[in-house]
Amino acid sequence: MSEKPVRFNARNGLTERRKSVLQINRVQGLSVERPILIAGPTASGKSALAMRIAAQDGGVIVNADAIQVYANWRVLTARPSQADEDAHPHRLFGHVAADHSYSVGEWLREVESLLQGPDRLIIIGGTGLYFRALTEGLAEIPPIPAAVRSAGDALREQGALAQMREEIDPASAARIDMANPARVQRAWEVLRATGRGIAAWQDATPAPLLPDSATERLVLDAPKDWLSPRIENRFDLMLAQGALEEARANLPGWDPALPSSKAIGAPELIAHLRGEMTLDAAREAAVIATRQFAKRQRTWFRARMTTWTAITP
């Protein structure tokens, strides 16, 4: 595989600078002291790159994937193998109970603690919001009470978005995408729950843990034609490695509302185990869902990580 890093361009995603890295024994041009951030869509090779950097210069590999934190999914979320974990230290993988609603804030606090340690961090994952909070800061908005969330859900289901828009404070209305129902509901809920607009909370965002200037930032820009067969092959490998048995272990307490149940492929394998579809159909549905997820990730990274160094497999 030939890997050439490029600098994302906001207009066309083409290169502003090129250098030869990753295809030789040493990853050139990267600080051996500053934390390294590696983002990319699912199945794009983030873990392999992190392992190469750790083998070359040392460091602790830290998870920045919102589903890989959960203990109940190892195979299906492509968490590092035991051999990988034995080769280099890994943190924040599989350490959260299945029924816990793990937040960005919790993750950020755990990363902050790891930053106090002696080893350089290599932070890898596909959850863009984690990287955004890490490099831009996280507004300290309190959790929304269930009653307020239910009221927001009810208004949205009733088609009362116009009412919600009217009740949002002007500063927040000017900042958010008022055509996006989810953003409108979120702003409405924050104002209703806290008495303070979401724009005011954002303006009070603390300084980031790792501003861009303090890190090495890499994003894997995997072309669709290259990534799609990898996604399909990887899911087949997951099945061969025990993904179905892993799903069977989760079947007794399966709750689709839990964040841990959002693992790509989990609903499909559970449906198969319940006799609702064949294994072939579950496999096909899971592969399609993974491709769709990867497309959303690539869109997010291209829009938000325009200053990161892009590596095209």
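Placed from the backbone N, Cα and C atoms, the Cβ positions cover glycine too.
Among the features that TrEMBL reports, ATP binding site is placed at Gly40, Pro41, Thr42, Ala43, Ser44, Gly45, Lys46, Ser47. Under the DSSP three-state reduction, Ser44 (ATP binding site) is assigned to coil, being neither helix nor strand. All protein chains considered, the CB of Ser44 (ATP binding site) has 27 other CB atoms within 10 Å.
Here the Cβ of Ser47 (ATP binding site) has 22 other Cβ atoms within 10 Å, regardless of which shown protein chain they belong to. The annotation substrate binding site is assigned in TrEMBL to Thr42, Ala43, Ser44, Gly45, Lys46, Ser47.
The DSSP secondary structure for Thr127 (site 'Interaction with substrate tRNA') is coil. Residues or ranges marked as site 'Interaction with substrate tRNA' by TrEMBL: Thr127 (among others).
For Arg149 (site 'Interaction with substrate tRNA'), the number of other Cβ atoms no farther than 10 Å from its own Cβ, over all displayed protein chains, is 15. The site 'Interaction with substrate tRNA' annotation in TrEMBL covers Arg149 (among others).
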**OP:** Look at each of the binding-site residues, Gly40, Pro41, Gly45, and point out the one with the fewest other Cβ atoms around it within 10 Å.
**Re:** Gly45
Original post:
Tell me which residues of the chain lie with their Cβ under 8 angstroms from that of Ala43 (ATP binding site), as long as they are six or more apart in sequence?
Top reply: Ala78, Ala222, Leu227, Arg230, Ile231, Arg234, Thr290, Ala294
**OP:** Give me the Cα-Cα distance between Gly45 (ATP binding site) and Arg149 (site 'Interaction with substrate tRNA'), rounded to a whole Å.
**Re:** 38
Original post:
Ranking the recorded positions Thr42, Thr127 by other Cβ atoms within 10 Å, which is at the bottom?
Top reply: Thr127
Original post:
Just counting, how many other CB atoms are there within 10 A of the CB of Lys46 (ATP binding site)?
Top reply: 25
**OP:** Determine which residues of the same chain, besides Thr42, Ala43, Ser44, Gly45, Lys46, Ser47, have their CB within 8 A of the center of the CB atoms at the recorded substrate site, and list them by sequence.
**Re:** Gly40, Pro41, Ala48, Ala78, Gly126, Leu220, Ala222
Original post:
Under a three-state reduction of DSSP output, how is Arg149 (site 'Interaction with substrate tRNA') classified: helix, strand, or coil?
Top reply: helix
